[in-house]
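J.: In case it's useful when we look at the structure, here is the feature table from Swiss-Prot:
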- 10, 385: Mg(2+) binding site (BINDING)
- 17, 208, 209, 210, 211, 212, 283, 284, 285, 331, 332, 333, 334, 335: ATP binding site (BINDING)
- 91: substrate binding site (BINDING)
- 148: active site, proton donor/acceptor (ACT_SITE)
- 180: site 'Transition state stabilizer' (SITE)
- 241: site 'Transition state stabilizer' (SITE)
């Protein structure tokens, strides 16, 4: 067994994903999810060596109780494995401009994460609760913060500055930050290996497609543009998020239709996207089923989703200058051969030609090139953000 194991924690507002990852191989020794925090049926599910387990956490429990369960029940039952854990790695959604790389957590870092909470009000406060809980449960282990926004700090100003008064950026930090950076970093790195090119000479466009979705242009291993903005709302059509809209729609909804700003925020984040267009579901699998059955709303939602994505991919050839590959990842990107084919067919001007057999084979965790031999390359790379967090954690504590 490796002596480079890391406990990776990803704390949401009402859930906590966790895994014990081998930083050398990326394999998970333990993985699980605690959910329904604050409700009567808070519970935890986990898997060890393929064997599934489940337990109640008790009514109205939260992050602290979940971390204590992981320590006192799950890891206590695996003493040999637990003894090999070298660090606790935390996924942090928003690091603003304060954090351009992963860092060992101390009180200064905690303060910085707190100061970025206004940019990720649903996520950063939950991350801080998880950090405090992990510090209490693992007082002797170093804690590491890995930021979703850090990978995008290489973007030039022309990519991240909005065409608003510059003082809003200078005084308030209003700019494009981007998300899914850890995923885009991992798959762009893996894509270079598939292409058998040095990362510094590889230009790819990565599409991380899940309930949240973003596209990033990666030039020589560095992010040069990305679709999400100040928050995860900008960019692509997503499960329940609208992505790009005319900003004046907000004014119209408030002043003409009587919405409050809170209602508008809820509308754009939780009632729009695939769900809003289809009036059916936010789940892409349900959208594809509706499309196959001729459901008008599902068909329209699928077409808009693919069209918006194709437009973004096309536009990101501009900062790259040369395109080596398009990379699909995330739950939708890794599993929807329908969406991949539709998007690439819209991009035939760039000489994309889908190989149907390869495309259908690249599902359920399988990676590979999905285009014909005479085509510009498109591929599927299953993401592994936890591995990046584990790697960064080990690198930092062994410096």
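Positions of Cβ are set from backbone N, Cα and C atoms, glycine also.
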J.: Counting only other Cβ atoms and using a 10 Å cut-off, which of the binding-site residues 10, 211 scores lowest?
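T.: So among 10, 211, the binding-site residues given, the one with the fewest Cβ atoms within 10 Å is 211.
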J.: Neighbour count, 10 Å Cβ-Cβ cut-off, for residue 283 (ATP binding site): what number do you get?
T.: 16
J.: Relative to the Cα of residue 91 (substrate binding site), which of the binding-site residues 10, 285, 332 have a Cα no more than 10 Å away?
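T.: So the list is 10.
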J.: Of 91, 180, the recorded positions given in the record, which has the fewest other CB atoms within 10 A of its CB?
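T.: Least crowded of the recorded positions 91, 180, by Cβ count within 10 Å, is 91.
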J.: Would you kindly give the Cα-Cα distance separating residue 285 (ATP binding site) and residue 10 (Mg(2+) binding site), rounded to the nearest Å?
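T.: With the alpha carbons as reference points, the distance is 25 Å.
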J.: What same-chain residues, at least 6 away in sequence, bring their CB to under 8 Å of the CB of residue 17 (ATP binding site)?
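T.: The list for residue 17 (ATP binding site) reads 9, 10, 31, 32, 33, given in order along the sequence.
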J.: If you count Cβ atoms within 10 Å of the Cβ of residue 334 (ATP binding site), leaving out that atom itself, what do you get?
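T.: Result for residue 334 (ATP binding site): 23 other Cβ atoms within 10 Å.
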